[in-house]
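Here the structure is laid out as structure tokens; the discussion comes afterwards.
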């Protein structure tokens, strides 16, 4: 039945009214100040049953648990009345036995430790349950939702099924019934006790008994526990549906999460200028309060005005829940409604909508792009917000990242650890896909890499202004570092902390060609033509392109050459070399500078202790170096005067980004025989001659002029890549 205004002839107690113990009786009012309480009581005598707006506001502002703040409308304005209009006090009904106790507790502010009995609370709980179970008790639902009930929810009148059906309709964006449903949810307040919602309770009983059995029945944390197990093997389909239908409305008003409200009401007043449950101004609507809280959750000490520790924990909990479904993030859903329909209409799987929006970040409307960008930036600082990813990656986190995952504050360490351990045996396909996706998203904006942003933001502003894409920022900074190093400047322009993090970013990018978008874009066709059976990651695709370099298109070939030139200058960026030879580096080159790593491995290549796979990889890199002196930094430095002096005609014909096929080295060999080289250059050519004598593959000129003619079948059997030719010099 609908709620009734308090009758004008209402007496002060059940006994005054001549009621017996079994008769229901209206509850007067929540806890109010003594002065206002008298006003409330005096207005209930004939002829007026009304409370002035000023006193109404005070009555509502003092509501606190265990009396549910949702039992009364939040303000006259919520009911469509203007500020000057008196409003009848609406109330649930309780038995006369409960009336006396409630009245005595509410006549003055509750003293510490003073509570309402379990029997009285039980009656209030039962009334709120009735609101959920029988939609006809809510005039607004009957009046405004009649069409949706007849169209979508006919025949679902028991145990709150009609209301959940309407929630599902509202959540799906059909009809204009969300405000009425939101008002009802505020009144019934199921967030404070899930048992009020019988449809949810019955659907989730098995999940609660298995996943949440450690939590006391009726505790608000039950809903949070259910959300933590959403999309896990313990969740059942019916519970998942009822849970998401309810959470859609709870997520739209921070006051409907009692734990969040309890822990954060002080922070909200201090930081967001809201002072109570009835704060519903246009400047700070309920949904905006949480947005304000989470903006302060991740501020540094230098930025000031941070959340309290307890409040931050609850804000993080809500963020983890919202990451499971974009509909649980009101701001994101509102701003991205158009883009979700345009780009992501077919992405209906768990977590796919947000991933889709991130994939189309450059295409989104400005409002949507801003909120998705802010959320992605937040995820980079605290990857635990990505609840689905964290679940998928639990095995590798427990085995390799437990020391950083246990930290109370994540500052990008967990994701960095996951990237570094992408190819461990504990890493499953879901975790790999999730980590790689996040890496790809990070390339769109350097702000999405928290550790990189914090280490290099000042350097970026100074040296790379107006550059947004991470890959471009990395190139800008690394080029600056390289130029300063080559010019032996006294003081590097890039700060030390930025150089250290820049190295981490460069190493991560070398693992997957997709993390270098410009290289990937120009080589896509070649990848499809030559490396279609090779999987991404572990630098395998890049290795495939290197091995088929002469078959590549011109643009792709140029990019690969430039990449190899950089790797030879800095072998630590050669992901495959460092991976395959990891143990040999520990054995032979522990104290060697990273830039001399390949040279150290070459010197130990023929050791009996050398791993065969590493030896094979070293040989591959030697073959590459001997195709062009520019790919051999030590030779280039030793012979910097000899090369232009003796081999200028060859240089005149060279291009900046294609191999000289060993012509310069061949030229230097001839001068070595004439003993005309400088001592340093002579030493390097002697080494090359000795290595070539042991392995013909290290002499590209020999392959071109002789082996293709006389030993074609034998050479093909060892998979040497060449361009067919004949030459009388052989």
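Counting starts with 1 at the first residue shown.
Cβ atoms here come from the backbone N, Cα and C positions, even for glycine.
TrEMBL entries are annotated by machine, without manual review.
Of all ranges given (1-24, 25-48), TrEMBL attaches the label region 'Disordered' to 1-24. Each residue in the repeat 'Cys-rich GLG1' (115-174) has a pLDDT score, and their mean in this model is 83. Most Cβ pairs under 8 A with the repeat 'Cys-rich GLG1' (609-676) among the ranges 115-174, 306-365, 426-485, 493-553 are made by 493-553.
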